[in-house]
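Trainee: First the structure, which I've put down as structure tokens, then a few questions once you've had a look.
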Amino acid sequence: MNEGEVVLTPEQIQTLRGYASRGDTYGGWRYLANLGDRYADDAAAIVGKDANLNGLNLWMKKGVENLWDDTVGKKTRLEKFDRVALQHFRQYARLINQNNGRLPNTSEIERSYYKAVTDNGVSSSAAIDLVINRSLPDMADGYWALGLGIEAERIHNEQAVNNPNGSERDNRKQLISALDKGFDGSFKEKHFTFLQSVMMDVTKLGVEYTIDGWQKIGGWGNGIINDLYKSVVKREWTGIFEIVNNNIKQGNEAFKNEINSLVHDMKAAGKEFGDDLNTQWNNLTQAAEIIYNDIVDNTSQGIEKGVKAIKELSEKMKNAASDLADGSAEKAKQVVEDLAQAAKEAYENAKSTAEKAAQAAREFFKGLPSFKDLAEKFRDLFPNPEGWIDDGHQCLAPWVKETKKRNGKYHVYDPLALDLDGDGIETVATKGFAGSLFDHTNNGIRTATGWVSADDGLLVRDLNGNGIIDNGAELFGDNTKLADGSFAKHGYAALAELDSNGDNIINAADAAFQTLRVWQDLNQDGISQANELRTLEELGIQSLDLAYKDVNKNLGNGNTLAQQGSYTKTDGTTAKMGDLLLAADNLHSRFKDKVELTAEQAKAANLAGIGRLRDLREAAALSGDLANMLKAYSAAETKEAQLALLDNLIHKWAETDSNWGKKSPMRLSTDWTQTANEGIALTPSQVAQLKKNALVSLSDKAKAAIDAARDRIAVLDAYTGQDSNTLYYMSEEDALNIVKVTNDTYDHLAKNIYQNLLFQTRLQPYLNQISFKMENDTFTLDFSGLVQAFNHVKETNPQKAFVDLAEMLAYGELRSWYEGRRLMTDYVEEAKKAGKFEDYQKVLGQETVALLAKTSGTQADDILQNVGFGHNKNVSLYGNDGNDTLIGGAGNDYLEGGSGSDTYVFGEGFGQDTVYNYDYATGRKDIIRFTDGITADMLTFTREGNHLLIKAKDGSGQVTVQSYFQNDGSGAYRIDEIHFDNGKVLDVATVKELVQQSTDGSDRLYAYQSGNTLNGGLGDDYLYGADGDDLLNGDAGNDSIYSGNGNDTLDGGEGNDALYGYNGNDALNGGEGNDHLNGEDGNDTLIGGAGNDYLEGGSGSDTYVFGKGFGQDTVYNYDYATGRKDIIRFTDGITADMLTFTREGNHLLIKAKDGSGQVTVQYYFQNDGSGAYRIDEIHFDNGKVLDVATVKELVQQSTDGSDRLYAYQSGNTLNGGLGDDYLYGADGDDLLNGDAGNDSIYSGNGNDTLDGGEGNDALYGYNGNDALNGGEGNDHLNGEDGNDTLIGGAGNDYLEGGSGSDTYVFGKGFGQDAVYNYDYATGRKDIIRFTDGITADMLTFTREGNHLLIKAKDGSGQVTVQSYFQNDGSGAYRIDEIHFDNGKVLDVATVKELVQQSTDGSDRLYAYQSGNTLNGGLGDDYLYGADGDDLLNGDAGNDSIYSGNGNDTLNGGEGNDALYGYNGNDALNGGEGNDHLNGEDGNDTLIGGAGNDYLEGGSGSDTYVFGKGFGQDAVYNYDYATGRKDIIRFTDGITADMLTFTREGNHLLIKAKDGSGQVTVQSYFQNDGSGAYRIDEIHFDNGKVLDVATVKELVQQSTDGSDRLYAYQSGSTLNGGLGDDYLYGADGDDLLNGDAGNDSIYSGNGNDTLDGGEGNDALYGYNGNDALNGGEGNDHLNGEDGNDTLIGGAGNDYLEGGSGSDTYVFGEGFGQDTVYNYHVDKNSDTMHFKGFKAADVHFIRSGSDLVLSASEQDNVRISGFFYGENHRVDTFVFDDAAISNPDFAKYINAGNNLVQSMSVFGSNTAATGGNVDANIQSVQQPLLVTPSA
């Protein structure tokens, strides 16, 4: 925030918004003025509330009120003034809110006021508009701001934002600054202020005398003075004001200074201009001086004459007004005519002289903007050598911060300061080069420093007597050297040495007192001037007190007051003196001495000095190593070469640091020690933490990283002016972070140095090719030589040309060099085609590529076009300032021209592009230009919202001009002209006409503010009205029509249309179709027309019109306004007796009796017809009118049909009559009789009586104590709130009492009724009352679930009380008492006893929570336990018994019973029969008893008990809990040897050997018996116990029968023994022996061995590398997956290897075997013949099989061998040879010739004439290959 800047708080903003919303313009401005806004102070005066209005404010107010030239009459002008003022104030408040409380700047205020003026219909020649846009062109923001009283500070603040580097290139802001400071010595006083007063006088005449004086001489006089004012005073004043200011602007010496500044900067930057160019510069500057002098002379003369003429005119007008007041009409007329002539002559005289000056200025300065732009562009080709320091500061800041944090001290400076103005010692922050620089440490380098403010001073002593304070040694602080050679601890210690008499005071008694000075640095530059050094006597200082206190007070700005004392003045008063710790910024530094450079040295590349380093040129002049390295770097021709030298260059510059090599090596430490002269040390907590971590050691990796960074740390110290002797860390992570910050900072530094030297080194030869040329009488830069230079380099080194051009465009600010961008595009395309693009991009680096992928303009006139970088063809172009040309190219592009006259170019294939053209400036001319043969007839022009859409008719592209039609195309977003390739031009007016033309499709048509007729035509169209009175015709199609602010007519026509009226008194006609009409504001007329329409009138007095065939229409008439009168009007002869009036809910339904239509008036009856939705009157074609009261009576009349009748709030009797009726009560006490039919009756809030009558009725009591009588039929009664009486009557009724104490009444023949009595309230008493002689002994009481069933013993009826027993009868559903006709009463406790009594039938008995014994007796009973410990006896029958939460005992007794234990430790005994027992949770005991039982223990440690005759039982023992122990217990003398234990799958089978029973433990062996289904122990009656391990052993023992034996996961050996056995392997390596019998053996996942033994066996290998041996018999072997070995053994075997590399082994006597070797893998299979030589085996083809025959008895058939490789065996191995598949393949592939011949492999030739392979020739016996029989 700038000092003194006003910023509103959120609360103040809210208060301001309140003024805006109330329209209190004056109050709002005054509120802002009181907060310090000086613009608001003047604005408050201008809006006319302040009494003392004078001067400039009067001029502004009267000008705004009276100078409109398009309005007549004072009242109209004042109203318009008020509207302008209010809109401007509201926009001003909105800007403050958007700016987070900051006041708007001048540009924002200008735009706000301009918009307020134009939005309220004021033409561009209005007074304020003149001030902004005519009188002061190009300077409107500055002069206008001053004119309206904006303080100079805010103008300056805006300059600082717009020119952060202090650039003076914007001439408008130069003139503002010059004006504010008093341009031309006393410009404001001499010219501007004076001219304001003259203008005020003229205005005053036009106002006061027009109103007062001229009225006395009649209407003709008033007309003449108006004509005089408009034709002479106003127009001519405007002209001279414009000329004067234009000449002032063009004659401003700043133009000349700017030229000289540019030339100086260019030369200073090291650019060598030739003699010709220097001559041109000199000629131009000389011409400028000559013409400038002429301009000044002529302009001054013009100003003087103009001012004189205006003053004379003003005096004459005053005199004329006086004469006219009392003179005759004839005399008055003559005076006015003379006055007009005199004014004209005076003006012409002044104008002639002024125009001569203007013409001279225009002639010279016509070319100056382009020439100035030329110089700026050339200078912008290279960075400013000084400018890199700001970048360097940013990149080095992290290192400075890190060293401050790690080295235990902060660099501060420590001088004594005095408070000279009594407000405390004040300091300022470091400000880089813009602030104070001082040599504190006496090393010859001035560095940026915190400083004492100008109103306080530093205590100093000029030790060397040169009149200047040279360095910190001449201050009093820690750089003061004491007599003993040490440095002072602080300022007070330094001053104490001057206390020669030891009295602890420095005064005249001390010898050095007279040598002391106070330095008051008035200009804050850190350099002492003579007028800034004052003696103590001059300042009235008598003595300096050496006593002080340590305060360590934070002064802000990075500065601290460390010690504070005082000094005494000669008047006896005291003031503060303190020792400061000033912030240090060593980056911004300047050496006090300059190095004189030779001409050659001055040509070297340069960067400004930084830290402890001189300017690069100066440093190189002092260092031969650096000079040589800089020369080598400058001569390097490629980026790679420069980067290879960059590190060395950076180091060589760093080595010129005066401290280089003089300080001790940097070390890292966790042990901090306080030392003197260390500045501000670590905090105590940081010290404590360091001491805690003193033992932290670093890993070798961390140490290596730190060692590698040491050199870079030294470099960074030189560049930053830091000293990193010791860096502290608290952990290894801290240490590694130091390395990271070091490397990151160094890399950023290297990047900045590279970029800032680029144009002074490698790219300089290209810049030398840029020349100048004259075009249209002005200088421009000529880049043609530059293009040639790049192409020349490209011929020999394409990569260099590519990289150099890319970096020139990226860093040279040459985006306006169109040829260069086009050249880059060509280079990119060529690189892509050559496959080099990615390589080139890697050389460039990500940052450069990103800059080229982004396209953004400058303040100049740029040509912007994507050059092919980036991954997306869709680009965004930003023109910013200047007259820019934006070319998007292919892809979907975003183009934003910014300010200036911009041109958007679109050629063939332009894509889906968007143009954002916001530019509020006047005089700009923005153009869209279509090229490549595109003409207007190839495009369509449509509008969508405020956007203009230009679409190619062939669908190839679209340009969207955003907000084009804002302000009807006159706003800031417009495109002024659209140009086509055939020369045709469309202006805004033509475009506006085009977009209002309809098509046969779906159009969007918009009216303009003046009012239009729009016709949608065919298609589903959108029509939008504006502020005029529009006629909007939708025509055919489903149209959407939106009115504007006028009185519009909307006609939907055919189709289902939507019409919206908005403001104004609109007429809406839906036409045909189902339409939606909404009148919104105004007194509207809505005609739905044919179809089913929805009509909303909105606010205002609306009329809904319905004629014949109006359809099924709906009216929504919400309008809460008072005084409105809404009407429904029936036309076309429709009368009231042709309609019916009924009510449905709050809706009124008006139906045609002939069924032709209906009007539903929604919510008509809200508030009994007095609400916001009512229709006030219904009018008919015969003149009859129905008001609301009449309608209310009509809708309560019943018919013989199904009626809906509603009571009103006062209470009514409604009779439904015949039909199924709906009756609704209200707030009164209503009597609602349903009568005949199935009626629905709803009570209201009163005590109502509801009588259903005949039929199945529904009665709802709602609030109140209601009486509900269902009558005949099956009725539903709901009492809801209140103490209600419910009588179901005849039929099967459902009764709900609701809340309150309710009574249910049942008499004879009450039917099958249900009571739902939910009511949780305390204190209620609900009763069932039996009448008509019914007593308790005539009824039975039973329970079903939680329901109570009360049944008539004669079967005539039943009452079910739902959920009665919830919470054991104490819940919300209970009936508190049951009353009988004999006076007997049953309470809840009695009822609970009754329902637990059993019968001989099938009972449902329920225990209560306290615990019960229930006996089912005879019948199939259901017994239910509860939370107590229950005894539940099923007794006889098939019973279902359910335990509760207690420890319950369940006895099934006789029959097939189901027992469920639920929670608790339960005992379940099934008894006789086939029972199902489920213990569920708890440690349960389950006894199945006799019969075949199914037992589930559930969770917990359960025991299953089996005695004699236990039957065929099954145990399901799933329980995954840890710690449980489940047991099977055999009783009745049963021991283990009486049983067998076998396994079937995962089940354990325990069988009685005598066949009397079996227990199947399901899934016992899951996870090898460790799973959730296991039984932990089996107990026998003799005490023996079997654990799981024992059982597992038992089931693996074989018998002489057919066994099923299973291996375990760890690996097992299984022996089948006798019998046909099934053996199953598992995941381990198993040995499975089938032994005798026809066995089936299944391997598992391990490497298993399967031996079939005797018999015809089946062996299956599964996964793993298995060995299968069939043994004797005809066996089937299948290896499946893995590398298996298959041995068929004796017999005729079938062998399948499966996948993997399998081996088939055949020995002597192997029989007639078949091998099926199909596989899809690439493994190798082998057939091994043991005991056979190759000559013993014949190879025979048999169809597709290969037969290997050793004898008639022994042969192997390889099935499908000749089908292909997937069926073959790869290698045949014999005792003496091996034949591989490749050896054999050529003979297989030889085909029939080989098959039909005999080849002797041992001979040298064969029938085919070919030779055989050597390994096959080694076979001595012929191998026959013959066709099969």
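Here the Cβ of each residue, glycine as well, is placed from N, Cα and C on the backbone.
I grabbed these lines from Swiss-Prot:
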{"type": "REGION", "residues": "1671-1690", "note": "region 'Disordered'"}
{"type": "REPEAT", "residues": "887-904", "note": "repeat 'Hemolysin-type calcium-binding 2'"}
{"type": "REPEAT", "residues": "1015-1032", "note": "repeat 'Hemolysin-type calcium-binding 3'"}
{"type": "REPEAT", "residues": "1033-1050", "note": "repeat 'Hemolysin-type calcium-binding 4'"}
{"type": "REPEAT", "residues": "1051-1068", "note": "repeat 'Hemolysin-type calcium-binding 5'"}
{"type": "REPEAT", "residues": "1087-1104", "note": "repeat 'Hemolysin-type calcium-binding 7'"}
{"type": "REPEAT", "residues": "1215-1232", "note": "repeat 'Hemolysin-type calcium-binding 8'"}
{"type": "REPEAT", "residues": "1233-1250", "note": "repeat 'Hemolysin-type calcium-binding 9'"}
{"type": "REPEAT", "residues": "1287-1304", "note": "repeat 'Hemolysin-type calcium-binding 12'"}
{"type": "REPEAT", "residues": "1415-1432", "note": "repeat 'Hemolysin-type calcium-binding 13'"}
{"type": "REPEAT", "residues": "1451-1468", "note": "repeat 'Hemolysin-type calcium-binding 15'"}
{"type": "REPEAT", "residues": "1669-1686", "note": "repeat 'Hemolysin-type calcium-binding 21'"}
{"type": "REPEAT", "residues": "1687-1704", "note": "repeat 'Hemolysin-type calcium-binding 22'"}
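What's the neighbourhood like for these features in this structure?
Mentor: Distant neighbours of the region 'Disordered' (1671-1690): 1634, 1638, 1643, 1647, 1651-1665, 1696-1707, 1709-1711, 1713, 1723; these residues of the same chain sit at least 6 beyond its ends, with a Cβ under 8 Å from one of its Cβ atoms.
Here the repeat 'Hemolysin-type calcium-binding 2' (887-904) has a mean pLDDT of 87 out of 100.
Break the repeat 'Hemolysin-type calcium-binding 3' (1015-1032) down by DSSP state and the numbers are 0 helix, 6 strand, 12 coil.
With a threshold of 8 Å between CB atoms, the same-chain residues lying at least 6 positions outside the repeat 'Hemolysin-type calcium-binding 4' (1033-1050) that come near it are 1002, 1007, 1011, 1013-1027, 1056-1069, 1071, 1073, 1080, 1082.
Sequence-distant contacts of the repeat 'Hemolysin-type calcium-binding 5' (1051-1068) (same chain, six or more residues past either end, CB-CB distance under 8 Å): 1016, 1020, 1025, 1029, 1031-1045, 1074-1087, 1089, 1091, 1098, 1100.
Helix, strand and coil residue tallies for the repeat 'Hemolysin-type calcium-binding 8' (1215-1232), in that order: 0 helix, 6 strand, 12 coil [DSSP].
Cβ atoms under 8 Å from those of the repeat 'Hemolysin-type calcium-binding 12' (1287-1304) belong to residues 1252, 1256, 1261, 1265, 1267-1281, 1310-1319, 1321, 1324-1329, 1359, 1375 of the same chain, restricted to positions at least 6 beyond its ends.
Each residue in the repeat 'Hemolysin-type calcium-binding 13' (1415-1432) gets a DSSP state, and the totals come to 0 helix, 6 strand, 12 coil.
The DSSP breakdown of the repeat 'Hemolysin-type calcium-binding 21' (1669-1686), given as helix, strand and coil counts, is 0 helix, 6 strand, 12 coil.
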Trainee: Within the repeat 'Hemolysin-type calcium-binding 2' (887-904), how many residues are helix, strand or coil going by DSSP?
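Mentor: Taking the repeat 'Hemolysin-type calcium-binding 2' (887-904) as a whole: 0 helix, 6 strand, 12 coil.
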Trainee: What residues elsewhere in the chain lie close to the repeat 'Hemolysin-type calcium-binding 3' (1015-1032), defined as a C-beta under 8 angstroms and at least 6 residues from its ends?
Mentor: 968, 998-1009, 1038-1051, 1053, 1055, 1062, 1064
Trainee: Helix, strand, coil: count each for the residues of the repeat 'Hemolysin-type calcium-binding 5' (1051-1068), based on DSSP.
Mentor: 0 helix, 6 strand, 12 coil
